[in-house]
Amino acid sequence: MALEKVTALPSGLKPGPPYPDWLNRADNAWELTAAAMVGLQSVPGLVILYGSMVKKKWAVNSAFMALYAFASVLICWVLWGHRMSFGTDMTAILAKPNEAMSQKYLLGQYKEYFLPNADYVFYQFAFAAITVILLAGSLLGRMNFYAWMLFVPLWLTLSYTVGAHTIWGSGFLETRGIIDFSGGYVIHLSSGVAGFTAAYWVGPRLSHDRQHFPPNNKIHMLGGAGFLWMGWSGFNGGSPLSAGLITSLAFLNTHLCTATSVLVWLSMDLIYYKKSSVIGAVQGMITGLVCITPAAGIVDTWAAMLMGVMSGSIPWYTMMILHKKLAFFQKVDDTLGVFHTHAVAGILGGLLSGIFAKPNLLRDFYGSGTISYGPGFLYGLIEGKKLEGFYQLLYQLAGAAFITVWNAVVTSLICILVSRVVALRMDEDDLEVGDDAVHGEEAYALWGDGERHPPPLKFNMTPKIPSFCRRH
């Protein structure tokens with residue numbers, strides 16, 4: 001009897017109305033927390049990061065682009081985007097559009113997991129939103145805001161949903177066994193390629209802005225970067241959709257890879273430029289987070305640290321050396337270097353996942369269903385499964401190629417379509433002024449309560465002599 005009293009669940013934790021038997025409240029609580037953490041990466045994380053990492057005259061516009069995208073994506077996501085990505089198959093690359101708002105759907109069980117569809121809808125929305133906002137980093141400082149308002153729902157519908165369905169939603173790449181733990185291809189490669197492509201069509205910033213574009217507040221920039229880093233705990237930790245062992249491993253690997261990447265990037269700066277850079281540290285942080293994303297819960301910790309070494313050095317080389325040498329990169333004005341921090345690091349992480357993915361961790365994460373995953377190429381050599389490991393690496397390459405081509409082509413078509421309705425780039429006069437011309441607002445009110453200019457000085461005032469100095 002005593003044992004029964006100890007092990008008996010409190011009445012509030014027992015299954016029953018309004019709690020169905022399949023609902024695990026620990027998993028449910030963690031998934032909601034993880035989804036909220038991913039949302040916080042965008043709002044306020046990237047709102048702060050973008051608003052402080054650009055020139056002062058573009059602070060409001062840059063932050064506003066992120067805020068608008070977050071709101072717009074949520075509406076599109078529940079109306080049609082989620083079911084286009086994760087609904088009933090329509091083709092090998094897309095599912096049937098449908099709403100995700102009915103109580104019957106949202107409160108039903110998500111597949112074999114112990115949580116409701118509502119959790120997964122919001123979690124995947126947060127992924128979709130941050131993808132579009134990351135893309136915006138390539139376009140800051142010159143894109144017409146009204147063109148951006150049209151671009152966001154079009155790109156989400158025609159580009160993001162395809163990547164999400166093909167890799168995560170029973171599309172042709174998922175059925176081949178491609179590994180993407182939490183979005184190295186779906187989110188980061190697509191945002192990097194699409195951002196770079198859109199930057200080509202929008203055109204460059206003013207030449208003097210492009211040459212001199214200092215952050216307006218580096219302390220706030222670090223604050224936004226902090227939201228991004230710690231929010232990644234939910235970004236990768238939420239992918240197993242449970243509060244289990246893979247979640248714990250993904251948590252630790254995420255931060256190990258990122259810390260290693262920051263230190264390697266700073267070391268490269270010190271060796272090459274003889275000084276460390278705060279902006280460089282933020283870039284190294286981002287590349288580490290991106291690189292570990294497709295592998296966070298399916299590699300050992302030593303592999304995560306090795307991935308950090310590579311994410312802190314290879315994107316550094318493409319951004320700091322190749323970018324300045326190759327005319328291809330010089331021609332396109334990628335404001336925050338999203339191509340290097342997300343596309344290059346995303347491909348790197350995807351390929352390294354195909355090398356370091358550990359068989360038992362793959363089984364724990366993906367299960368032992370009809371789709372065969374891995375082993376990674378390294379473990380294929382160790383376990384005498386060279387062919388399987390080689391095929392896994394080929395699938396990773398094929399996935400990277402598909403996401404790259406699809407985003408480059410579709411983003412180009414969207415930009416051409418939007419340009420027929422409204423100019424993609426602001427006019428020259430607005431580009432000279434910045435936020436005040438675009439939104440009628442400025443980031444910092446230095447004179448009075450919202451006044452944008454100091455009151456005029458009055459030099460023609462007649463001085464008043466105190467009464468006790470006057471002659472009577």
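Cβ atoms are placed via backbone N, Cα and C, with glycine included.
Annotated in TrEMBL:
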DOMAIN    29-444  domain 'Ammonium transporter AmtB-like'
TRANSMEM  32-51  transmembrane segment
TRANSMEM  58-80  transmembrane segment
TRANSMEM  120-140  transmembrane segment
TRANSMEM  147-173  transmembrane segment
TRANSMEM  185-203  transmembrane segment
TRANSMEM  219-235  transmembrane segment
TRANSMEM  241-266  transmembrane segment
TRANSMEM  278-296  transmembrane segment
TRANSMEM  302-323  transmembrane segment
TRANSMEM  335-357  transmembrane segment
TRANSMEM  393-418  transmembrane segment
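Between the transmembrane segment (32-51) and the listed ranges 58-80, 120-140, 147-173, 278-296, 393-418, the one holding the most Cβ pairs under 8 Å is 120-140. Contact between the transmembrane segment (120-140) and the transmembrane segment (302-323) does not hold: fewer than three of their C-beta pairs are under 8 Å, each pair 6 or more apart in sequence. When each of 185-203, 278-296, 302-323 is scored by its Cβ pairs under 8 Å to the transmembrane segment (147-173), the top-ranked stretch turns out to be 185-203. Beyond the transmembrane segment (185-203), the same-chain residues lying 6 or more positions past its ends with a Cβ under 8 Å from any Cβ of the stretch are 127, 130-132, 134-139, 142-143, 147, 151, 155, 159-160, 163-164, 167-168, 178, 290, 293-294, 331-335, 338-347, 349-350, 399-400, 403-404, 407-408, 411-412, 415-416, 419, 424-425.
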